[in-house]
Number of protein chains: 2
Amino acid sequence: MTTPRRAPGGFPVVGIVGGGQLARMCAGPAAELGITLSVLAEAPDAAAALVVPSAPVGEHTDLEAVRRFAAACDVVTFDHEHVPQDVLAALVADGVAVHPTPEALRHAQDKLAMRARLGALGVPCPRWVRADTAADVTAFGEAVGWPVVAKTPVGGYDGKGVRVVASAGELDDWLERAAMAGTGLLLEERVPFRRELAVLLARSPSGQAAVWPVVETVQTDGICTEVLAPAPALDPDLGSRAVAAALRVAGELGVTGVLAVELFETVDADGAPAFVVNELAMRPHNSGHWSMDGAVTGQFEQHLRAVLDLPLGSPSPHAPWTVMANVLGGDYPELYPAYRHVMARDPGVKVHLYGKGVRPGRKIGHVNVSGADLADLRERAGHAADYLRGVVTE
Amino acid sequence: MTTPRRAPGGFPVVGIVGGGQLARMCAGPAAELGITLSVLAEAPDAAAALVVPSAPVGEHTDLEAVRRFAAACDVVTFDHEHVPQDVLAALVADGVAVHPTPEALRHAQDKLAMRARLGALGVPCPRWVRADTAADVTAFGEAVGWPVVAKTPVGGYDGKGVRVVASAGELDDWLERAAMAGTGLLLEERVPFRRELAVLLARSPSGQAAVWPVVETVQTDGICTEVLAPAPALDPDLGSRAVAAALRVAGELGVTGVLAVELFETVDADGAPAFVVNELAMRPHNSGHWSMDGAVTGQFEQHLRAVLDLPLGSPSPHAPWTVMANVLGGDYPELYPAYRHVMARDPGVKVHLYGKGVRPGRKIGHVNVSGADLADLRERAGHAADYLRGVVTE
């Protein structure tokens, strides 16, 4: 079925472009809220297509496919940030409500645009430059010190599109590709950070915003593997400043829906806690998966409420701590027996799986555990994730 | 699409006969768990059919329709208790895993069978009798005192199929119908009760059981309108005895899936707290809706885990109190504006709607609120439900 069937009573249809796990995790909240979901899916067996009745197959780059899809929806939002600006502009010209708006989304699609805008807003960022030539790279490295971090401005995710380089020569291939694409590269100083934090919030078209507690994110090989909510021993003043900066970014950029602001926690010249912004994402985000079980309003429900301009729900946590651990694909394709084991070992673990085939290193699910003892929760979440990956076997 | 699409990795398909709100509320947990749901729906716009990709339309009394449906599922369970025993027997003969089993389910389908079995188990019940004639009614009324409660043994729900009568004459029509159907009527003494309680548990085919805290249920005109979890000021010994009785019923009857045991809290001859069993339901139940937001494992997730013989999740509550209020249909069909208002007034209220058209008195949703102040939670849940019904307007 490609036409979404609307619930009676004036309830809307939310269209999500992209059928990955983020769209999939909207399905439960949408059903609870009485809202109809429609997903433009990459394939009939995309994660979200497995759980949503209306999931036409089409490419997010195919203007006519996106247009046909959007015509049946009251608002269009996204599973990822890869929908081209010309497609978005055509939707807006068609009169479709698109959230986040193309203008806001540009800052999550193009890291150079993001850096320029955050800089103009006075939001703390690493030193950065656009590099088009090897000479640009060398000049920046000599100015801020080697190694430097190079990023493709567009299309990167989960550590892809990021390199740490000690000389311009290591970027020959990327510079060549960037020159052909006319995009340039983003170079950033390598920030010595204490840890990574994230501020997650939702903002509605009316301007209402709700912020979840600041979390600590733990990355392994560029992939988020663990989230601690809230961030342990966070300096209260740092937390306030980080939240204020995230709200300012959301407001100034006109973000609608969920915004994730990823931060490095650093130490300033006086030894005081400080931060710089690492990345922005304008959609539900891995750093907010804990909220599905750990907060009154989870990020997927909140994203739906925000893009519909409904009043936002409370982001208050249920428990002193919630720990999220990502489940990465392991060596064996039959996950079900491991899943049974994890459930038997710990009745308090919330297992979330995305309906995806197992491939080594692929994000196929996550687990959440809430409670009062952080060390215990980390052990339990980590064990469940490791067991599902096949890294531990007892 | 009528063939459910299975997730990779060995994950099962759960088939639910009946497409009402109970099936609908399984959709979110199924998506989270990576389990595929398929629903045999009464109509293409049944509550669950709106949110599940595989929802063939068919009647639960149509053996061939149920059989075709079941052939694509790993286990079959139910949205309601009305599937005839001969249909269930045919499924079992086909080798289908049916949970709850027909033998257990019989006691939720036929209140006379339930009373006979509970009596044999020594579980406290009101005095009761099967009545086939006016003379039977008169004799029972004279023995236990008028008025008495008359129930149709099969097919009643939400106060339908229950009458309080002061004489045999008031039952002429029911006796006539019961005589034609050969079912008889169930007569029960009218129990003077302090309040109504419910014990909700889940039990798996392996025999594992998990019990949620005992709740108080408030009925209005025979329909559950409010649930307080846990039951306030419950005598601990009474609570233990009620849970023990419910576990005994589940074990002795071989219940699989969620079991709700509805109780009257009474006072014994010595003035001590006591109880009698009012009704049994073998499926997720209105008295457990609070658990969707108020417990680590909600009843819909737990029902799926139980019927799949997966290890059960923790039934521990998140908060000191959760209050559930049912949303009944009111006078206006456009619910969306009221829904916006309720969300704006109280960001902590969890609104659940079933995608059903509004008809006066019809259960169309419920709200949950959790926290530490029971009186405050009751006011908030009650206000939200009343506003959605149109009973209050500010």
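All residue numbers here begin at 1 and follow the chain in the order shown.
Placed from the backbone N, Cα and C atoms, the Cβ positions cover glycine too.
Just so you know, TrEMBL annotations never went through curation; they're auto-generated.
Cross-referencing B:Lys111, B:Lys160 against the ATP binding annotation in TrEMBL, which names B:Lys151, B:Glu188, B:Glu189, B:Arg190, B:Val191, B:Glu196, B:Asn278, B:Glu279, picks out B:Lys111. Counting only same-chain residues at least 6 apart in sequence, those with a Cβ under 8 Å from the Cβ of B:Glu188 (ATP binding site) are B:Arg115, B:Pro126, B:Arg127, B:Trp128, B:Val148, B:Val149, B:Lys151.
Taking Cβ-Cβ distances under 8 Å and a sequence separation of 6 or more, the neighbours of B:Glu279 (ATP binding site) in its chain are B:Lys111, B:Met114, B:Ala260, B:Val261, B:Glu262.
Classification of B:Lys111 (ATP binding site) by DSSP places it within a helix. Less than 8 angstroms from the CB of B:Arg190 (ATP binding site) sit B:Pro126, B:Gly145, B:Pro147, B:Val148, B:Val149, B:Val164, each of them six or more residues away in the same chain. Take the CB of B:Lys111 (ATP binding site) and look out to 10 A: across all protein chains shown you find 25 other CB atoms. Binding residues for ATP (B:Lys111, B:Lys151, B:Glu188, B:Glu189, B:Arg190, B:Val191, B:Glu196, B:Asn278, B:Glu279) extend across at most 18 Å, taking the greatest CA-CA distance.
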